[in-house]
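Below is one structure; the comments refer to it alone.
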């Protein structure tokens, strides 16, 4: 019973908005010690699981490439390219990206896109440019943040609810590994991947329609902002 | 054969080189502690090879795990007590970028698209060639893609100095700060929870509270439990063993005869809905916010909650209807 105090430590740290790194560190040491591990075992557990989880930090190798290209105008050029494509609104563009991200993740290609690889240099500037083109005016700061948040969400939802349809992904292997060794079963990854498809479809329908609604929201808020500042209405809005 | 450990050494090297740059950057008010943090993190990557070899017993040189544990605690102290600082960002002006975008045109996309293209080729065509360690082709593809893209990028932009991409990358690293380390630390916490027996304890409580033979309540408890525990732990992988040992296996599968693949796959995805809603899942929610330079670091989470909640309902309904 007493080990559950570790969960309490995490919740308390979370609620009181302490530095999350510190919360995790304290909760780890605390749980290990009250769970009956001696200090050396706690240190070994920290070291061993840190070594086993290095793959989640690998995305940092992409930063120099993106940094170099941004210095030479990658984001500016991404904006210009979308500015030239007619008919593409921010919502439609992000819906297409969501679909591409889900399908590629379902084929096992989870590392090809992500916040550092594609969202910051390409997807977010393109979505902003599309929003500015279809509303016909530069976005105010608040709406710019909103478009960027939606760009990040399209990537995250896409990868989460695409990757489980692929048999060699971490989460599927974790399920089979855990169940087969703990309960002596012979679960196959393909059976699990099949059951991930219905939710992948739900995720696309729900998030896709929210992305499409983003266009109308932007249109409305731009009209409001224009009215507040007594500016001419952006083209395409009705009084 | 290209091994995934080589990629980890490359990551470590990048961190160490950037740490040296930080130590020399006088515009950073906390340059020594920042350099210590990233340098130590960099060294932890190759050291981890020895620890992983010892854990997996797959041969090669081995190292004790305890010193790495000490290093991880030191990283936690440096990041947890705000010893990380930022230097003045090394970058170009808006005018310079506009001018170079005009000069290069769409050629600038070539290196950016090189990363995913090389990753795809590695994961599909070269995966079966035996060139890469089994099961690591996509991850290694990302690494190879970055190296190729760096060369292509320097050719396309005409940049001669390797220090330029490293400086720009370092600015992004400084902007992210300790958020970059959090996902790995959560994985550490998850395994400590498992070692300390948190799952068994939750199972006992659930068993006492849940009324017998109530299928729908049990499904609800499993899905919502996965969701909530993931929100707390920031990672569905940490919540899964806990909740499955507590309800998923003993109640839903053994007692109620649920179809195991359906129960487990959908249960995991109920946890993924939780990942969308929590700042503890830093790599998916906070890192993008800092990368996109958002003022509101909860922006992505606020955008995702209205998708996550209906998806949680979908998981619960699909499991209740189709898994039995």
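Each Cβ is built from the backbone N, Cα and C atoms, and glycine gets one as well.
Remember, TrEMBL labels are computer predictions, not curated facts.
Residues or ranges marked as transmembrane segment in TrEMBL: B:6-24, B:36-56, B:68-87, B:108-126, B:138-158, B:179-199, B:219-252, B:264-284, B:304-323.
Residues 182-183, 186-187, 189-190, 193-194, 198-200, 202-203, 205-207, 210, 258, 263-264, 266-268, 270-275, 277-282, 312, 315-316, 319-320, 323 of the same chain, all 6+ positions outside the transmembrane segment (B:219-252), place their C-beta atoms under 8 angstroms from a C-beta of that stretch. Remote same-chain residues near the transmembrane segment (B:6-24) are listed as 31-32, 34-39, 41-46, 48-49, 87, 139-140, 142-143, 147, 163, 166-167, 169-170, 173-174 (criterion: CB distance under 8 Å, separation of at least six residues from the stretch ends). Using a Cβ-Cβ cut-off under 8 Å and counting only residues 6 or more beyond its ends in the same chain, the transmembrane segment (B:179-199) has close neighbours at 41, 72, 75-76, 79, 173, 233-235, 237-238, 241-246, 280-283, 286-287, 290. Beyond the transmembrane segment (B:138-158), the same-chain residues lying 6 or more positions past its ends with a Cβ under 8 Å from any Cβ of the stretch are 2, 4, 6-7, 10, 100, 104, 107-108, 110-112, 114-123, 126, 132, 165.
Taking Cβ pairs closer than 8 Å, the transmembrane segment (B:68-87) reaches residues 22, 25, 27-31, 33-34, 36-37, 40-41, 43-44, 47-48, 51, 171, 174-175, 177-178, 181, 185, 188 in its own chain, all 6 or more past its ends.
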